[in-house]
Each structure stands twice: as structure tokens, then as C-alpha cells.
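Reading through the C-alpha cells given below for one structure.
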Ligand SMILES: Nc1ncnc2c1ncn2[C@@H]1O[C@H](COP(=O)(O)OP(=O)(O)OP(=O)(O)O)[C@@H](O)[C@H]1O
Ligand SMILES: Nc1ncnc2c1ncn2[C@@H]1O[C@H](COP(=O)(O)OP(=O)(O)OP(=O)(O)O)[C@@H](O)[C@H]1O
Ligand SMILES: [Mg+2]
Ligand SMILES: [Mg+2]
């Protein structure tokens, strides 16, 4: 490709808010980098499933020489082998968000921490509720991310007197979260707090609570730092006073760090762990991207 | 009559004792006791809906009897299903064509009893055997043809071939000739005679009494689901048969001919060509006239008129109905202009077999039962009552799907359906296919009254006597072209056959 | 003979419900009873209203699907189409909100109906003029609509203008004499659907086309037009559902309406409409939609099932319901 | 006229390939040509092998679907079934790995076949004995299998034992004389399928049952048994696909095989098998699977389309391909 350095970016297709954010930031990065460094070509590919992502990797490597691969793997196990194949061709590997089962494959790892998303929220909630109360939880699509968040959350909650009344899947879907919350409300006459492990779902939850007119619910928390929720945090909303960042912009960070080494800078290697600090009214500004779709 | 002289001690091939069938509260057949002997042709006759087809289905295991029992070769039998009966040597050729349209002729013939070699099916052997059987009954269909592409008559022959593929003890033919024309009928009658000589018992149902007279050794008459009796064929004339069936004296079969029509043509067609071939045809029909269309099977009559109706690609130089040129030809446009077409394929194109009688009746002329955007359902029910009466549709209840009517009654329902729109020209393709003799004369009367009222009727028929007895003028088709025209005294069996067969030097 | 049949015909009219058609209603009743046993709050007024209101979307779309299916077609694109219509509607409303105020809602709603009808017409024309299996056509347009909404939302969400929200909210959350508005709207759609299918020329032709297109053609029925119109009706129903849906969550997202096509078709089939076409059961469809929503609700209200297995239990219940219906007939 | 028809029939037989059956192959060729124009590396050896290898999964499952569909059925559960079979297989392999070493792979594979056949039999029996629409039955079992795999993986993922990975890898990544093993396996499945459908009694009956079950029944074809067997064949094909699939991704997850049912059915229909049953086209199905995979590959190789719109373009291409095929006939 005209002697340009190719950086391939492989990410999940935009199927819900968060992945939508990832695609948005990746496209931003592509435009900015290509404008800034004319000799770098960023090739962005989205895939709707793990299988498709493996296929995309094969296609990317079959059709051109790629200098670097930035990948946000669908799942760890399924993508480990294929990424290893790419690595074998001498490509620089940057893994984002979800680690591969064999960490020695990656040159650079930019990661969010899903366990921390769950755990930090749980700790906040436990503190606010004084260590007791009855809560309900909405989880996403059965995948590793979802699993880790729930794991982080329940581990902390198990150490308190808080009782998790119910956990059900709402598929990271506002609509299903609305429905599920309606049902929770019908089922449990008293609920102290709700945790939806993603802000997309939290929107549905809030609608359902508002519609029911129930007032005993003290907290409805989410995660991921969606901009609508951050707006609430900034406005000191009593029911949703915090969120946890799991910024889709991490993909942009990773692409920039990968691109940097092709421009004179020494290759960046190692691990960049993004923590999941609580987003509070005080620091909300720095997590707010009004132009992002997420 | 060899069968009548048979010694008593030879048990009949199949004996029905006090057989009956009820569907829910409806009794369609009761108290039928009947012997069918080896080497005889046993005809079953009766009006439409008398229960003939039902009886045949009972005898061949397609339907379980509600009462009575079967005795085969002296042993009581109860067939689990049609296959059990077939294994026992009884084959039924259905009145309604039962073939898988997506499969080839050979595949249909051997369905369920494929010839195999090792693990694989032996197509060569099956095709060879199929070709033999088809040739033996004079069928033009080839083993490799898709049934979907075959005309009705050929499908019927394939069904018959299927029944004759294996040696049989009893072959049941339920109106096998309804869709056949003369040549094929002759061939079939030969086959029946050969079967009789080979000691096979044949049950034969037909509304064409001349066939019955020519073939049958004994005749059983059914009326309203009851057995009237079994008679030696020699003792019955056609007229006597008809009267036994109907239970009353019959009027003349064909109405007297009308005076020659004089008015301006109601329908004028110039330069009609259908499909790819150059099949340009021109004809007209006047008020008060019955125009007969004759020809061999596959001579293109159906094709020509389906083309006229806009049901298949066709071109025409000029089409005028009631003095007004017709631009776009479609069934709906024709209906509104006052012309309707009654298809020969009542099962595939005529009736919605799984729907009730009323929606079937009114489908073509929904406007008649339609007031300010709403279907007038009581009007529809009333129309059905009228149709049941006017067309003498024999049903024990109107709670039936169209498919549950007997074949002849389906035909009458179809006739009632196309007449719902009060057309001035009616094209009827095979008007009396499967209609019993009593009803035939009713339908002929009906056509007569229609044209006497100043309407016109085009009758496409493969039944020569019908064509001759009914028409004021006959056009004959051959190879997709109109080749001859006869009027008045010229309309004779001989003339029509000669004109129709003129090009058939291939047989 | 004719006397008897006339009498019978009279009785026929006074007894319009066939026993076999009662299946879905019996199934629904059984589920209600079971539900009440499992958790008494199942029959609480709030819960019942919630469930019925929720099922309004699927029911409205399924009314359209009843037409498509009974005319011998199939529409897999309804879920994505609904998302797409929702997206267009929100964009129009947001664009007009500054100038028209809450009048933008009316214009947006009208636009949604037009867009829905056009989407349906596209499906219908490709199926009929192109003579391609509806399954393939609507699978294709399903991908197309889904991609378009993803594109329109940039993969994120497309919220409705804050200023319109309050004016629009009642369409989902409001009620008249205690009956939530979505239920009223779906009642109107259902009654219109039943009228159209059972009492008009068009409905007759629809069923005839589905039962045997050849017979319909020979009876002067414009087969392609009837089928296309069924898809247009489907599109309109989708648009109505979209109009009720937007105020519920106030945004269109790429997941809006995902997999609804399966729910819709299931509702139609459970309701007694045969997938091969030829007969449609509007009220059965409604019962089907209620059954699906009631089962989902019961899964949450009962404590019997692991969260992982909810889908399995739902599948089993549906199959068992169909089996019971089959064998009690 | 009878002369004409005889001639037509004769011509028909001497020309065993009907023109309309060539449609999918022509469409495939067109896509290959377009692909080569868009990106020359589209036809590079690596890329072609990749695409063909990948399409092996869908092709193998679609062979089974060709039987189900031509016998008049439908199976929406194949994707979930594949995930479920994969899950069971991995659990068995992992359990046996300590004792049997890489022999566990064989046992696991055999178990997968058994489980696949059983799953297929379950679908088939519910459809035939229960006489319920296949759409509903397999939609139900789709939910059931999906829920079971979610349960088995606890909502996460179920990786295969590391010790087995290297021994198992070649089943996807290995090759014999330059031909990747999945391609060889799928060739075997395809040839077996073609033999079974075209050359055996069973295949004949399968098509007959789909074409007209009533006629088949009267002809002594055990309709229910033939249909059930088609689902069992489908189950076996799913198991074979699962066996090839595991080494590629090394784990089963709740999203394994999601939406494959749609791809599979699309491949079958693009290949010329009618959804209403009665005819099956094994080679057409294979072409269909290749077409789908080639289009997806082209989307990745070309840079023309916004990421959000990939699905839309795929939908358009499929519909256009079918339209072109229809109107060039
Ligand atoms: N499944 C059914 N349910 C109710 N009635 C039926 C059913 N099948 C047939 N019948 C009725 O049984 C009667 C006898 O029908 P059958 O077909 O035996 O008459 P047929 O003598 O063969 O008449 P045709 O000469 O018109 O063929 C008819 O009135 C028909 O409506
Ligand atoms: N042997 C054949 N093989 C295939 N198609 C045929 C054959 N014979 C006729 N056809 C076609 O079948 C259709 C029916 O023929 P058509 O019905 O017009 O003949 P017909 O004179 O009306 O004879 P019939 O007595 O069968 O009605 C036409 O489209 C014709 O081209
Ligand atoms: Mg009969
Ligand atoms: Mg004809």
C-alpha cells in the first residue's frame, strides 16, 4: 500500500452503547492519525462476533503486510490463537481491554478493569447503605466482561449484610432493562438499591422506577460512564450520584500509543491499566465527552 | 360374461360387508355389501356425492370404515393404511390427482418402492420400467418430465401407470377418464380389458355411461350413500342405469338446438397468439350461441383461452366485448366487462380446497357481497344457499371445506362461483368433468337457458357427444391453431374427430 | 337437501368460534392461573397493566405480521425496521422541535407512518416483483435497516429532544380512565386489523392469496398487489409501534427492536395462524403476544429458575403449550 | 403438440444441468470477479484458502439444513445447537484429558456426534410426533440450547484444556497436500450429502416428503421417520462443524454460533433450495456458503464502506444477487 505503514485495528461492531463508543473513538483516532502522519495507514475493521473477528484477522493479514495490530478481542480464549498467528508474522500487537489467555503475545496492553468496575461500585454502595439493605442487579449479555463485573460486585457484597434479591440478564439493552426493572418492582415490595452493570441499562431502569412512582429506592447505579449518566452525576442527582468509567476511548489511547513508535519515538511496551475510579460530581468533567455517541 | 358363470365356491377377491362411513354427525355411506371377483370389471355408478369415492377409499385402506368389514380371498382383513392395501394387491387411482408436482414422473411412479442397486437408487432401471408402463397405456409423458410441467391428462395417465406398475389383484379406477379425451380413453379401456383377461378384478367408476356399458360385467348403483343394488351389466341400458342412479325419470340429456344466432358478435377476437409459437387465432361468438371448441388433448385449447384471459403471456390484435374494445386483459377486467372463464383444473386453480364454501363462492365476485367497504356476510350466506339450490350442490351440511365436497359437487360450486358476477359471455373449460349424468343435463340446461337469455357461452370439451349435442358452432384446434369450423348439420362426431386428428400422423 | 343446508348455514353464523381456534386463549388462561399460583403479585393490577402495556408493541407489529403471513409471506425485518423508523422519527422531531415545539411530535409521527409504509412497500415489491423468497428479502432488509440505525446513531444512542419529552411522554405513560394509552392504541390497531382481515374484500383476498396464489389469480385477485399491501400494512403497524415506543425510553439505539421479529412471528404462530399462509387469526395473535410477555414476566417473578436458564424454560413452556393444545384438540 | 412435448422431454434429459440451477455458481463467479477488481489480494492463495476454510462451518451445517429444508422442515436451532455441542464436547475432553491424553479428543468428537444426533432427533420428534410448526419448535430449542451453553459456561467461557490444544490444532489449522483439513472434512460431508440426497432411496423420499407429504404417505413413505432423520442428519452436521470449530477458537462461549442459523438458511436458499421444500441442491448450498463468506471477506478487504454500514451492504448484495439471477433466467 504505497509503502505506508499499516496499523490494523480490530474491534467489535457497534451493537450497543459501549461498543458504539469504541467504534466512534477508533474512527476518530483513524482520522486524526492519518491526518497527522501521512505515512501511516490505519485500517479499521469491526466484527459482530468472535468468529467474525478471527476471520477479520485472517483477512487483514492475508491481504497486506501489517506493522501493528490493535485489537479489542471479543473473548480471550477464542482470539488468543489467532492473534498469536498474527504475531508470528512479526506484527506489533496491542491488546485493548480484554487480555489474551497468553499475555506473552502482546507487546502493549491497554486495559480497563471490569472487576474493579463491579467492586468499586459495590464498595460505594455498601458504604452508602451502611452495609445492609436489599438490592437487585441487572446484568448484560453472557460474556466475560459481564461475568467479571458481576464477579467483582458480588465478591464485595458477599462481605456485607446486603442481600442481592435477584440477578437477571437484560442484555445491555435499555428496553429489556426497563422491562426487567418493572418486573423487579412488581416482585419486590421493597428495594433499597439497583445496580445495572452498564449505563445503557441504567437508563431503562430509571424510566421504570419513575413510572412506578416508587420512592424507597435510594440508589440506582450503573457503570461505564455514559454521557447521559455523567450529566446526572454532574447535576448531583441523588439516586445516581456516581458512575464508574470504563471509557471506550481507551481504544484511541491504544491506537495513539501504537502509532507513536512509528514516528521516531521508542516503542512503547508494557501494560497500561486504566482503573475504574468513581466518577463523582467533583471529577465528572474529565469523563465527559459531549460529542461521543456514548 | 365369464365372471357370472364362475363357480360359487371361488371366494370373491374382495368382499365388503355392511360397510359404512361417518364423518362426525354426517353419514356419507352405510350398509354397502359388495363382492368383487377376480377377472371382472365391476362398475360403480351414482350421482355426485353418492359416496363412490368414499367407498373406494374404504376398500383401498385410504380411509378407515366406521362400520362393517372387508373380506379378502375369504379372510377378514382390516387395512392399517393405503400401503397395507397395496401390499395386499389393491391399488387405487384417485379421482383427484395425487402426485408430487416437484418430482419427475419416474420418481412419482416409484415413490415408496424405489428400485435400488446396493445403496443407490437405480435410475436407469426405474426410467426404463417407467417408460414401458407409460408406453403400454399410451401416455406421452416421459420418465424424466417434471409432473409440474405436465397437462392434467398426462398426470392422470401417470397415476394410472403408477397403479399398474406392480401386479395387482384389484385395481380401482375412480373416474380415470374424466380428464382424458377419446384416444386415451380407448387405450385405457383396452388396458382394463387386458387386466380382466389376466384375472385381475377391476373396480371402475365413471360418469360416462357408454364406457360403463362397454366395459362392465356387473354394475353396482349407489344413491345418497345407500346401496341400491348390483346388476349384471347386460341387464341395464344406459338409460336404466341413469334412472337407477337418480331414482327418477330423466329428462332429455341435451336441450333442443336453438335457432341460428343473428345479432352482432358479443365477443370478437382477432389475431390472438399465446406463448412463443405463432398460434394466431380469430373467432367470435354471438348472443344466443354456444360455441364449442374441440381438439385433442394438448391441442392448446386451454392455453388459448388462458391467454385470452390474460392468465398467460399472449398478444391479440383486437378484442371486442359487447362492442367495446378491451385494452388490458386480466381476469378482473374481463369480469367487470362481463366475461368469465371456468378453469379445467378445479383443484389447482379453481377452488381453495382448505377454505369454506362461502369464501370460495364469492372470491371472483366479491363486489356482489360488499356494501360500503364491508363484506355482507349474511348476504354471502344467502348467496351460498341460493347457489346450493340453483346448482344443486349436494351437501349434507355447508360446514365443509371445499376440498371435502365430492368431485362433481366441487365442479358445481366452481360453476356457481364464476356465475356470481352475472357475465354475458362464459367460457367453460370441460364443463362436465366428473359430473354425473343427471347433473350433466342440468348443466346443459343451464347453458341453454343462459344463451337463450341473450348471453353467449364458449364450451371447451374433450367429450365429443357433449360438444356435438350442445354447440351451435364448433371450432376445432390442432397444434395450437384453429383448423376447422363447423355449423349446424356439419357438427358431427366424425367431422370433429377428423379435423382434430388431421395432424396426428405421429401415432 | 337445500332446506337442511340453509338451516345449517343459519346455525353456522350464530356459532362463529371454532373450538380449535380457542387454543391460544385456553393456553393464556392456563398461564394466568399458573402465574397466580407461583406469585400472587402476578395478577396485581400494576403487574397486569405493565405486562399488557409491554405486549402492546409486539401485538401491534404482530397484527401486521398476521396479514403478511396469512398472505403467504414472512417479514423478518420488523425489529430493525422499527429501530430505523424510530431513528428517522426522532431525527425529524428533533430537527423541527425548535420551530414547531410539540407540534413536531405530530409531524414526526406522520413521517414515521410514511417511512414505515415505504419500508413495507420496499419489502413487498422486492418479494412480489422480484419473485424472491420473502425469507431472504427480509433477512436482507433486516441487515440494511439495522445498519442504517447503527449509522444514524453512530453506534450510540439517538435521544429525543429534551423539550419534546414531556409533551410526548403520555403516549406511553399516560392513561385514559385507568387504561394506559399504549393499550388503547393497540386495541384500535387490533380492531382495525380484525375488521380489515375478516370484514373486507382485502382480507378475503389476502387469505385466498396465501392459501393458493394460482386460484387467487384465476379468480381475478391481483396477487402481487395484495401481497405488497400486506407488507405495507406491516410497515404501518411497525410505525405505530415505533410511535408508542419512543416516549418509553426517549431514544433510538442500535439494539432497539432487536430479535423482535422472532417474538412477533412466534406470537402469530402461537395464535393459530399457519406459517404456510391461507388463514389469519387476529385475536389469536393478540393472545400469542400476551402469552409471550406473560411467560417472560413469570420467569422474573418466580424464583424457580437460574438466570442462565430463563430462555430454556421459556422455550420449553412454548413448546409444551403447543403440544398440549395439539393433543387436547 | 404431443410431438413437441416429447421433444422437449428428450432435450431435457440430454441436458441434465438446468440453466436455473447454475444461478448460484454464476453469482459466485461474479462476486469473485468483482472482488478481484476491488482488491487484487482477494484472489491471493492465502486469502482464498482462508475464505474457503472459514466457509466450511456454514457449509457443513448447511448441508444438513438442505436435508431439513428439502424435506419441508426448518431448523433455527443450529447455531445454538452447535454452541451446546461444542460445550459438551469440551467438557468431556477436559474431563478425560488427564487420563487419556490426546485420546480425549477422539472420545470427545465421538460424543459430539452422539449429542448432535440426539439434539437433532429431539427437534425432529417434536416436529413430527407433536405436529408443531418447525419454526416454533426450533425457535424453542434454540432458546433451550443457548440457555444450556450459558449455564454450562456460567455466562463466561469454557476453554479447552491447554494440554489438548496442540494435538487438536491441526484439525483446523493443518493441511494435507496444501489443502486445509476443514476443507477436506467439508468435502467429505458434501460428497456424502450429495450421495445421500441424489443417489439413495432416503434422498428421494426426503424430497418427496417435502414436495407433498400426503402423496408420500399414500405411497408408503414413512413421512415422520424421513423428516425426523433429516433433523438427525442436521444434528450430525452440526456436530461435525463443532468438531472443526473448537480448535479454531479453543473455547465455547454463550455467543458461539450466534445467528448462524440465519447464515445457514440463507446459504441454502441462495443455493436454490426452495424453503417450501421438495427440492434440495447440495452443490448450490455450497456455493451459497461460499458467496456469503466471500461477501463478508470483501467487506473487510475493501475500504469503501463505513463500518456501520457493512451489514447493509451485505444485505443489498444478497438481494441484488438474487434479483440478477431471477431476471437473467
Ligand atoms: N372429510 C369429509 N367430511 C365430511 N364430509 C365428507 C368428507 N369427505 C367426503 N364427504 C362427503 O361425503 C359425500 C360423498 O362423497 P364422495 O366423494 O364419496 O362422492 P362421489 O360419489 O365420489 O361423488 P362424485 O361423483 O362427485 O365424485 C359427499 O357429500 C361429501 O361432501
Ligand atoms: N405433453 C406435454 N408436455 C408438457 N406440456 C404440455 C404437453 N401438452 C400440453 N402441454 C402444455 O400444457 C398446457 C395445457 O395444454 P392445454 O390444456 O392447452 O391443451 P388442451 O387442448 O386444453 O387439452 P386438455 O384437454 O388437456 O385441456 C399448455 O400450456 C400446453 O402447452
Ligand atoms: Mg368421487
Ligand atoms: Mg384443456
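The backbone N, Cα and C atoms fix where each Cβ goes, and this holds for glycine too.
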Which stretch, out of D:206-228, D:229-251, is listed as transmembrane segment by TrEMBL?
D:229-251
TrEMBL tags one of D:134-152, D:153-171 as transmembrane segment - which one?
D:134-152
Near the transmembrane segment (D:21-42), which same-chain residues lie under 8 Å Cβ to Cβ, leaving out any that are not at least 6 residues past its ends?
270-272, 281, 283-284, 287-288, 290-291, 294-295, 297-298, 301-302, 304, 317, 321, 324-325, 328-329
Which sequence-distant residues neighbour the transmembrane segment (D:257-275)? Criterion: at least 6 residues beyond either end, Cβ under 8 Å.
20-21, 23-24, 27, 57-59, 61-62, 65-66, 69-70, 74-83, 86, 142, 146, 281, 283-289, 291-292, 318, 321-322
May I ask you to check whether the transmembrane segment (D:134-152) and the transmembrane segment (D:308-327) make contact, with contact taken as at least three Cβ pairs under 8 Å and only pairs 6 or more apart in sequence counted?
no
Let me spell it out: take the transmembrane segment (D:103-127), skip the flanking residues so only those 6+ beyond its ends count, and list any with a Cβ under 8 Å from a Cβ in it.
64, 73, 75, 77, 81, 84-86, 88-90, 92-97, 133-134, 137-138, 141, 145, 161, 164, 167-168, 227-240, 242-243
Can at least 3 Cβ pairs under 8 A be found between the transmembrane segment (D:229-251) and the transmembrane segment (D:76-97), with each pair 6 or more apart in sequence?
yes
Most Cβ pairs under 8 Å with the transmembrane segment (D:172-198), selected from D:76-97, D:282-302, D:308-327:
D:282-302
